[in-house]
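The following features are taken from Swiss-Prot:
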type     : residues : note
TRANSMEM : 6-26     : transmembrane segment
TRANSMEM : 52-72    : transmembrane segment
TRANSMEM : 78-98    : transmembrane segment
TRANSMEM : 114-134  : transmembrane segment
TRANSMEM : 145-165  : transmembrane segment
TRANSMEM : 171-191  : transmembrane segment
TRANSMEM : 194-214  : transmembrane segment
TRANSMEM : 223-244  : transmembrane segment
TRANSMEM : 297-317  : transmembrane segment
Amino acid sequence: MIDPKIVMAIVISFIVASILGPIIIPLLHKLKFGQNIRQEGPKSHLKKAGTPTIGGLIFIFATIITMFIMVGNPTDEAMIALYSFVGFGFVGFLDDLLKIIKKKNEGLTSGQKMILLLIVSGFLTWYAYKYIGTSINIPFLNGQINFGLFYIPFVMFYFAGVTNAVNLTDGLDGLATSVTVLVTTFLGIISYNLGHISLAIFCVALAGALLAFLRFNAFPARVFMGDTGSLALGGAVAMVALILKMPLILVLIGIIYVIETLSVILQVASFKLTGKRIFKMAPIHHHFEQLGWSETKIVSVFSIITVVFCFIAFASL
């Protein structure tokens, strides 16, 4: 039987996000918080210029509100997941805000962004090292690896990788939202099965909020999540998986994040080494756009792939 608390968390976050959307989106319009579109991107995206951004605030606020309604006194692990969610989201918010002020797709400098991300991930790494332990589970092998002191650089690299991967995935209407609904649902189920109830409520509250946000973010998007949303989502899924000692499971359930990131790495490496590009455009979702796929088709196919790999991940546990 499904725990009523889990159902209530999904329902409440969905309702709260559904209420916040029609409040926040017009406010973003009024403040002229419109998205600047990269000229080197797909030409079909130029018409999206001016679409409100920083919409990630909708599901961030909805998740926080739901957490404190459903869990009066969250556990330390739920609070640290919330901190990761909000901390990375705040860095994204600053980046988005500067892009709007400068009226171009350049916010924080790479150095500024790196310092802020290091501050957030540094605290999370310290917490993980001290309270979670340095062992992680290995999918399919039913065993663990103890990283010892190497755990610290591993986790720092891990946070950088996951947050940037989710950020890269947020390039089509509804793509990062749809994929992450599935990822957080998976993590919520695993958290619940392992007895991490507060953490499970956080995951499903986020999933419910994302489902509501999808109403505004699906093609044609009425609002973009911005770096505010994508970095927050990356921070959330990375921290939850780490708490569960399952960071490597993200390679499976976050297969789309992985593919998106690899496509960029391969594209850059190929062009620098040979002067030729592997894909028509990177990240890979733009490659499929150039092949004539609609945004809706790409999102649907990538979501189906995520579902398949979530089942594979279940089998690996």
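Keep in mind that glycine also has a Cβ here, set from the backbone N, Cα and C atoms.
Most Cβ pairs within less than 8 Å of the transmembrane segment (78-98), among stretches 52-72, 171-191, 223-244, belong to 223-244.
A Cβ distance under 8 Å defines the sequence-distant neighbours of the transmembrane segment (194-214), meaning residues of its chain 6+ beyond its ends; these are 3, 5-6, 9-18, 21, 55, 58-59, 62-63, 66-67, 70-71, 74-75, 77-78, 81-82, 85, 174, 177-178, 180-181, 184-185, 187-188, 225, 233, 236, 240, 243-244.
Contact counts against the transmembrane segment (223-244), taken as Cβ pairs under 8 Å, peak for 52-72 among the stretches 6-26, 52-72, 171-191, 297-317. Counting only same-chain residues 6+ beyond the ends of the transmembrane segment (171-191), those with a CB under 8 A from a CB of the stretch are 6, 197, 199-204, 206-207, 210-211, 213-214, 217-221, 225, 229-230, 233, 236-237, 240-241, 244, 246, 250, 253-254, 256-257, 260, 283, 285-286, 289, 295, 298-299, 302-303, 306-307, 310, 313-314, 317.
Sequence-distant neighbours of the transmembrane segment (6-26) (same chain, 6+ residues past either end, Cβ-Cβ under 8 Å): 52, 55, 57-59, 61-63, 65-66, 69-70, 188, 192, 200-201, 204-213, 215-216, 222-223.
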